[in-house]
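Asks: Sequence annotations record features per position, and here TrEMBL assigns domain 'Alpha/beta hydrolase fold-3' to 107-266, 314-375. What TrEMBL lists as active site is Ser189, Asp343, His373.
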Amino acid sequence: MGRKTILLLITGVLGAYFLYTPLPDNIEQPWKVMWITTQMEIATYLGLFTEFLGISHLMDTIMFFMGFQEVPPTSDEKVTVMETTFNNVPVRVYVPRRTSETLRRGLFYVHGGGWCLGDAAFSNYDTVSRRTADRLDAVVVSTNYRLAPKYHFPNQFEDVYNALKWFLRQDVLDKYGIDAKRTGISGDSAGGNLAAAVAQQLLEDPDVKNKLKIQSLIYPALQPLDLDLPSYRENMYAPVLSKSLMVRFWSEYFTTDRSLEKAMLSNQHVPVESSHLFKFVNWSSLLPERFKKGHVYSSPRQGSSELAKKYPGFLDVRAAPLLADDSKLRSLPQTYVITCQYDVLRDDGLMYVTRLRNAGVKVTLNHVEDGFHGAVFFDGIYIGYRLENQYISWLSENL
Ligand SMILES: *[C@@H]1O[C@H](CO)[C@@H](O)[C@H](O)[C@H]1NC(C)=O
């Protein structure tokens, strides 16, 4: 049998297998969701297979498949789209075409993809940025940043931070006709992680005079210290993002050394000298009662100090915004958070909401009972439109 035949066979078998993955009853359009999940799983399994053969890194293979979603920066009748760089970081800028008497609102967007994947040029991100610019009559800047496995923490964080600082410069805001009092940041998944992290960093930066009015975090990843939260337990095989893929993303953010991933999979990566940090991610005290139901809290197991010395990033607040203390959280802007019931990252978002509220920050939580990871950005499914509408109307009222 030729290589193509074998590949086709594998794809067929895997395809049939995953197409029958049972989904929770309340998920809308289950066949469409299964189809989305199937495509992602095929890319992942092909990636794991080629990685096993030593041909390419898992994330490079997935990115190769995803690359077909790239679209050029094409202006349309409503929005002018251009590509430029902010502080040497490539960004896409969306400016509404209609004339405006007043200054516009400005939204800085950070795409998701586990710090390894994604691009502002992908059609789903491009479409939502376009619609956001048009419907809010706002300038949207969708940033790129360097990705793993080639680049690790803190490169992703620093790129986003450097681009954001450029965006908030008065001369840049003036150039795009943006009101300095009405700027915000938004991001999904790993982009939500980066958005939350740079929003915190901004508070301590005396160089930046213009501050953000809002932050919007769409199913964000906020901590890698405890990877055995109830949401990880319940959604180990949830659509789109499994626990194993999320753990791989987290570990790839810091290193391609698979020993970190291995330790993270058994929740045994935080050394005893850092165990004081567990109080910031303690789901037993930070999750609302109904999400704790049926789960017994146990503190993560003790990890090796060597691993933490080699890859200190996973204990760094710039990678884990939940580790910030209350005195820092207190100064954060008004916040919007989307969490999905069927998502390993659900409890990260819920715990951050609790911590922000305890610190006195005004937070709107949109918990989606029939939601799953990535739901906002899959084209052509009802839940995507529904969440996008809710998100844009929150921005419309609060930005
Ligand atoms: C987590 O919270 C629970 C309940 O509030 C508490 O009993 C436990 O000691 C905490 N554990 C850690 C590691 O902070």
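Positions of Cβ are set from backbone N, Cα and C atoms, glycine also.
TrEMBL does not curate its annotations; it predicts them automatically.
Predicted, not measured: the structure shown is a model, and the values here were computed from it.
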Asks: For the domain 'Alpha/beta hydrolase fold-3' (314-375), how many residues does DSSP put in helix, in strand and in coil?
Replies: 23 helix, 19 strand, 20 coil
Asks: Far apart in sequence but close in space: which same-chain residues, 6 or more away, have a Cβ under 8 Å from His373 (active site)?
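Replies: Ser189, Tyr219, Ala238, Pro239, Val240, Leu241, Cys340, Tyr342, Asp343, Val344, Leu345 - these are the non-local Cβ neighbours of His373 (active site), listed in sequence order.
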Asks: For the domain 'Alpha/beta hydrolase fold-3' (314-375), provide the mean pLDDT of the predicted model.
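Replies: PLDDT averaged over the stretch: 98.
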Asks: Note down the number of other Cβ atoms within 10 Å of the Cβ of Ser189 (active site), including every protein chain shown.
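Replies: Around the Cβ of Ser189 (active site), 29 other Cβ atoms lie within 10 Å.
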Asks: Need the DSSP three-state call for Ser189 (active site) to compare against my parser.
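Replies: Looking at the DSSP assignment, Ser189 (active site) belongs to neither helix nor strand, so coil.
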Asks: Among all protein chains shown, how many Cβ atoms are found within 10 Å of the Cβ of Asp343 (active site), not counting that one?
Replies: 28
